[in-house]
Amino acid sequence: MIRKAFVMQVNPDAHEEYQRRHNPIWPELEAVLKSHGAHNYAIYLDKAHNLLFATVEIESEERWNAVASTDVCQRWWKYMTDVMPANADNSPVSSELQEVFYLP
């Protein structure tokens, strides 16, 4: 498995709405993530800084990257644009993090 971590932002007034939309996520989005090899996906909220820290284990970069081109992912991104900063393609503004320590 490949471990990934990334940081996103959430609008200051949208913490509760962001959480509501993820509890649960759409069943079809969950199915796409799983069918593309995503495991143990978690998102954490830092309310003080309006940051979201996400971790996910993936089977391959290729399969993970393919999620973005699915219809359900495109719809999800559009759905989330009012609660978080987004790029021109509606994907969330994010920064990938470099792993510096891991204790198996």
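The backbone N, Cα and C atoms fix where each Cβ goes, and this holds for glycine too.
As written in Swiss-Prot, here are the features:
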ACT_SITE  HIS22  active site, proton donor
BINDING   TYR18, TYR41, TRP76, TRP77  substrate binding site
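Reduced to three states, the DSSP call for TYR41 (substrate binding site) is strand.
For TYR41 (substrate binding site), other Cβ atoms within 10 Å of its Cβ number 15. In the three-state DSSP assignment, the secondary structure recorded for TYR18 (substrate binding site) is helix. Cβ packing within 10 Å was compared across the binding-site residues TRP76, TRP77, and the lowest neighbour count falls to TRP77.
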